[in-house]
């Protein structure tokens, strides 16, 4: 089956044809580690993990390179370092901030069932020319100046957007129509309002590197142009990120990379996931609905969070609700109950078909429910396919018994008490005391325990 992906640049869904099937290359913008990642940050992590898994399935594990960067130089990081570690030298304070948040981010990603990317470069390692000759930011800026695409002004180096005739293709913003806005800083020394910073001066209390333009630090956009080229080359297959990055970040990445390398494209496919809101409102600290991934994982297993993300197509907006989490938890309970201890074979064709249709995970989840219904009727093959499909998607990371034990522990239900009540109920049923049997059943239900009678005896689980 052919993989089709929606390309933001061309505005259509088309067949994915890699530049080299033996070396499929994908870059996704990672976190800026000034604070712990929030649930909105989890969406691209999960979405592009599924794509990474799918590409590996199609082309082979060793033939796919996935780069997701860590931005560890940023004005917000600088502010956080000065606030949290006022007594330390700035560079040491910055490292403390970024190490703590980057370590937590990796732990969050693991808990969400995501594979680690092939490479996870840090921006600070690519500012200056490197011993290994990989692309760096200073050299890239020099090239842009030499080719007439950048200029020095007021101690900064800026990209000359007018030097690129088709600037604005990704976002659909024509250069002449662009006005100063919230994300475009307008200064008198700019040739055009849309010109953006490649290199800026650093004061004594800001991080900086010595460069041909004085001590300073890179602009946001040049970082990803350098790191992607360093590992994936001048043109690669897929570039991903959130919708909020289309402009200005990805637009400016394209401008820098194409103009520096003289290429027709930076990436051949541009994928963007939709926005996330919480209970119908924009997530923000001021509304009190700002939740970090780590905070969410204190209350919900990573697999529940993962499924809740994947129930919605990645390009659609998602409303993050408690009801949705509860429904996702119930679905996983059902899947574990049906196939949690199945050996598994290969993912079902219906699952792979939905994924190959622009990562239509909403339909994938529907296909998983269909497999479960067939498995519940005694279809062993469907049961194995359900288990294999879920493992392929990053679920079933633990045994059925471990999943059930986790659920019981989280519920606070006393397992010994439940076992004793079930024994009392079994005895009541044996003497045909149906009133007592029903009373015990109701008592268990009030505790949040659901029971199931079969020829083998009575089993129980925590009711969601």
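If you go along the chain as it appears here, the first residue is 1 and each next one adds 1.
Backbone N, Cα and C atoms are what each Cβ position is placed from, and that goes for glycine too.
These numbers come from a predicted model, not from an experiment.
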One of 29, 114 listed by Swiss-Prot as binding Zn(2+) at the site of 224, 249, 253: 29
From 9-19, 31-41, the residue range that Swiss-Prot assigns the feature motif ''HIGH' region': 31-41
Annotated motif ''KMSKS' region' segment (source Swiss-Prot; candidates 272-276, 277-281, 282-286): 282-286
Residues within 8 Å of the 29, 224, 249, 253 Cβ centre (excluding the Zn(2+) site residues themselves): 220, 221, 223, 225, 239, 241, 245, 250, 252
Integer Cα-Cα distance in angstrom, residue 253 (Zn(2+) binding site) to residue 285 (ATP binding site): 29
Positions whose Cβ lies under 8 angstroms from the motif ''HIGH' region' (31-41), at least six residues beyond its ends: 70-72, 74, 76-77, 79-80, 97-98, 101-102, 104-105, 108, 242, 275-276, 278, 283, 290-294, 296, 305, 320
Reported mean pLDDT - the motif ''KMSKS' region' (282-286): 86
Counts by DSSP class (helix H/G/I, strand E/B, coil) across the motif ''HIGH' region' (31-41): 3 helix, 2 strand, 6 coil
Under 8 Å by Cβ from residue 285 (ATP binding site), counting only residues of that chain that are 6 or more apart: none
DSSP helix/strand/coil residue counts for the motif ''KMSKS' region' (282-286): 2 helix, 1 strand, 2 coil
